[in-house]
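Reading through the structure tokens given below for one structure.
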């Protein structure tokens, strides 16, 4: 142990004396007696155990049930607690957040701090958790060696006692705090006590957009090391220019007593051995004594050494092919006997920025990334391996190759799993000061320098051996100050093998190797003062800008969102220096809570009585809290797919397939193709898809099509499926797809239904109140006053619970609401524009209603105007045509005042009395899709249960639309035309009124929305209007047609 690391226990002051110092309000005090950062240690005592990653008996988990007492402030904790548990103590699981176990409340905020902003001071009422745990050590742990305790994550600051004696203090919630317990331990029972503070000055550096919770939320473990032991290991790989050979570079430092550290004869008696294994094969091995080459005029290091092992033709690590070796680093004594060994998974890979491109192993990589918070709806920020694996497998299955640890270092196991399964990682320091004014305030304050620097340097020291980490990040949304420049230089000096990114200060400062904006748009400038966000196509062409551009956050997936995502990917593929980005974000950060009836529901900001709060802004995920996919996850999967397709010729039918894989052959994929007419296959085939990386190949599907007769469009569908299962996917997993509408000339189309009839089955009846059309067992009744079709009777039973009428509104999306809330109105938000224009308060008036009898049909014409504040805003004309087959065709023409903003929709709605189990349609599906989010949807014949037509967004909104539909069948109802539709047990009005999904109640019958036109959902961000111009409804005139029939009456 070095002199700096030695712990000399002194008489322990009383708890009240320690707390009197208020270390948690001093930014220059971040720890007492905490050991230096290093990669995870396990101290194996057998080489084969280290090689095989066998659980080490030298590391013991202390997870489980701990004793817990809660206080509203630290000063209320009695001094005697450090010696023994208090009578009111309860059992608390570790790891966990105490707010999820009945103590205190979770608080959700985005930008604003949850406490008054007065750094470094925090509230006097500072919730405090007092934990204790008893354990018994192995006798040999007491006799010799060093016993450490490791806290992988404690929020936000804590003091530690062992057997009544004070050990130390630490803050930084997201990196390990490790202490030497050796001087405090005894034979038999030992008791540790941990006092955890909810708020500390460190909380000002942890203003991330997440739930603010407290406690010991990651693993706690004991580690036993020999007296002489490995204290740091740094592993890096260096590849030759042609990648045919490599060097494994290992720096190992040893803890040696101070008296011996400058005695070369003593230190050279110890040797470091490095073995490189590939499965059970020893690839390379090297052994050498401690000691380095001279460093400067004062000599060399005696307590460390540097080893370099040459490897010929190494397997290269990438997210596509995560080839891992096992490096075992051993400390040997003078007799060549093993003292201890540490071991790490190692990947040979090179990360470099060359000619403006981020390259992995010499290839420019396209980042298919997502931001991920550590979040679980039941356990909060305590994440286990099962949850981590679930996320990784889902990401891989949906064509993600990268993840940004937003916005803090993750649990150590996360990186091992990313190494193993193959994900590129941006490792981000636990720094965010978003609520500061200005954000850079603390980054320019010298008193906060050590607090900033430890969060960056300790992250690098812990995680730098992982091949999955390709980029370091200095943190998030903390402005750009002198501290950032200093820490950028420190990383570049200490780890020149990886680039550094940092978005603060405008995304293109001197503290970043990558231009990494958040929410910059493809073609639209956002000229904010001081930190403009240029259109990304423009940004890479700015003078003196030669860096790659990778969006650190984009495509804000809040609720029903993600419109325009495909535009980003068109740009990424078109401009080489636009190298992708990280979607915001992975999972809806909702917590499970029980309602007054004991039923669980997903809660968001404010549901726990937390104030301040930012409502549902915590729910921006591609997946629900339980990891069920949002529809937008499929859009991401399709846009990011590794195979691209183009149609070369239709006669013969030839397609071209391009592989975007950089390193792997597509030798586990089959391509399936199918020609469909009205959703039914008329010709299909398949063949192996064995493409080299970055290669393109043409495939001839068929020389000619068979004679095809029938109504509808002809579609060519292709999809790529994996043949064998992989570590992250089952066999037959679909990884890419596309479709084309084939020219009509390839199909012989049958004629539609004829209007001719041999008998007249239609009757028209008019009186002062109604107009009624009758056809056999059904009749339609119009109200003369309202002009609306208010009854559609079949066999004497009315099938309409509400009249069929115009529909111009939708239950507002999060993107429609923007930042508006009761106390803060954003006049630019769509919902506020609609309110101001009176769209929600339109008064309908019927101008005319009249009927005409034609030779084979009855025609009814109705005109309506919609007014607000005595101003006419909309004029609609409905032309109903009833034919001899009992069909009702409606032609709708809508005229819109030029003063109105874009409407949410132009369509019709009604409440049907029927409830059927399934919905069938010919159009885009199977999942929800919208005009600006339909790349992943395919045109075919689909069938789904009614309940699955509703997307259960936690904050209810417009949902469930299916676009470009030509046929809809719901029980006896059948509609044809060209329209979008949504069908649900919930009305638009109920969706607008409900604050949570679990509050929705199924209504009578079924609500049916038929849209001729629907505005896009947007999604570049959620706080400014982001629907692109071509997806707005800004025309003055809209027209559409729908044909209805009730089939069992014909």
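Using the three backbone atoms N, Cα and C, a Cβ is placed for every residue, glycine included.
477 is the residue from 454, 477 that Swiss-Prot records in the Mg(2+) 1 site together with 432, 434. Among 207, 209, 1020, 1030, only 209 appears in Swiss-Prot as part of the Na(+) site alongside 617, 620.
Going through 110, 125, 717, 929 against Swiss-Prot, the one listed in the substrate site together with 209, 477, 553, 554, 555, 556, 620, 1023 turns out to be 110.
Residue 556 (substrate binding site) has a Cβ environment of 24 other Cβ atoms inside 10 Å.
Of all the recorded positions listed here (373, 407, 434), it is 434 whose C-beta has the fewest other C-beta atoms within 10 angstroms. The Cβ of residue 617 (Na(+) binding site) lies under 8 Å from the Cβ of 108, 110, 209, 558, 605, 1022, each on the same chain and at least six residues away in sequence. When the Cα of residue 554 (substrate binding site) is compared against those of the recorded positions 432, 477, 613, the shortest separation belongs to 477. Counting only the Cα atoms, the space from residue 434 (Mg(2+) 1 binding site) to residue 373 (site 'Transition state stabilizer') is about 17 angstrom. Nearest by CA distance to residue 1023 (substrate binding site), out of the recorded positions 407, 432, 477, 613, 620, is 620. Residue 432 (Mg(2+) 1 binding site) falls within a strand when secondary structure is assigned with DSSP.
Candidates 553, 556, 613, 620 (recorded positions) were compared with residue 407 (site 'Transition state stabilizer'); none lies inside 10 Å Cα-Cα. For the pair residue 553 (active site, nucleophile) and residue 613 (Mg(2+) 2 binding site), the C-alpha distance works out to 22 angstrom. Neighbours of residue 432 (Mg(2+) 1 binding site) among the recorded positions 373, 477, 613, 620, defined as a Cα within 10 Å of its Cα, are 477. For the Na(+) site, the Cβ centre of 209, 617, 620 serves as reference, and the other residues of the chain with Cβ at most 8 Å from it are 110, 558, 584, 585, 589, 614, 618, 619.
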